[in-house]
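One structure is given here, and the rest of the page talks about it.
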Amino acid sequence: NETTVTEFILLGFSSNPALRLCLFGLFSVLYSTTLMGNALVFVLICLDYRLHSPMYFFLCHLSIVDICYASNNVPHMLRNLLGQGRTISFAGCGTQIHLYLIFALTECVLLAVMSYDRYVAICHPLRYALIMNWRVCLHLAAVSWAFGFVFGTLQASLALRLPFCGPCEVDHFFCEILAVLKLACTDTTPNKVLIFAVCVCFLLFPVALILVSYLHILATILRVRSAPGWHKTFSICGSHLTVVGLFYGNAIFMYMGPRSNNSSGREKVLSLFYSLVSPSLNPLIYSLRNKQVKEALLK
């Protein structure tokens, strides 16, 4: 009695036309801000030789991840809000899941790498150029993308091999893996165990590394008696900690927090934060408030 599902229906947000139109306007502004802000940061770092340092090199990659992450989910969501794109093919849904996992996992590793860069810069300033040379930076960036691709592909391939026999309505605004797994007509426990294991590796382990890095940074700061040195250090590290707290905090709450039968609304809000709010805030929090980046922008 099983039938092959060839397409899914994304339920999205409210069915109220007026509310959907308001959401379309708000999300369009946030998406445009995400694209322009991250593209601006990327162009500034590429063009200004003073920003050719490891910290800004990793910021370039963060901007690329944010642009790709938002572009994977938001355009289809905007079509959905206008009532023009509620259906998505099985192949399109699988592509969304695959890319979503790759970019999310890559950013998890990338933020941990950036905390290590700040640790070396503050705790070992005299050896910073030696430790964080361009060969090491390229390897760290490549490892971030490789880990995201390998583990994202593994999760997506296992999820898409499951039999789906209806209903084909995804209670989300894009093909998020947990929402799609609910539609499988077989036991999804192995998939959920794999998701939990990946969360431990890509969320809890990087958070532990980041905390260790910042404990060392804090110990180093306490030995600095210069007020300008304190201000500069807190300015740089405070931005990174803000992004880390927002990103990992919401991810842990969404994928490792307690689940209930009425958690779809919470999942939509948290996914919206990843798809729009965080990518649009990252350039402002992390880059455009930085003195060197503002000078490059003025130039």
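Cβ from N, Cα, C; glycine included.
Automatic, uncurated: that is what TrEMBL annotation is.
Within its own chain, the transmembrane segment (18-47) has Cβ neighbours under 8 Å at 56-57, 59-60, 63-64, 66-67, 70-71, 74-75, 77-78, 81-83, 276-277, 279-280, 282-284, 287-288, 293, 296-297, counting only residues six or more beyond its boundaries. Annotated transmembrane segment per TrEMBL: 18-47 (among others), in sequence order.
If you look up TrEMBL, you'll see 37-286 marked as domain 'G-protein coupled receptors family 1 profile'.
Under the heading transmembrane segment, TrEMBL lists 54-72 (among others).
What TrEMBL lists as transmembrane segment is 97-116 (among others).
The transmembrane segment feature in TrEMBL is assigned to 136-154 (among others). Here the transmembrane segment (136-154) has long-range neighbours at 54, 57-58, 61, 98-110, 113, 116, 194, 198, 201-202, meaning same-chain residues at least 6 beyond its ends whose C-beta is under 8 angstroms from one of its own.
Residues or ranges marked as transmembrane segment by TrEMBL: 193-222 (among others). Using a Cβ-Cβ cut-off under 8 Å and counting only residues 6 or more beyond its ends in the same chain, the transmembrane segment (193-222) has close neighbours at 105, 108-109, 111-112, 115-116, 118-119, 122-123, 147, 151, 154-155, 158, 177-178, 230, 233-234, 237, 241, 244, 248, 251-252, 255-256.
Per TrEMBL, transmembrane segment is recorded for 234-257 (among others).
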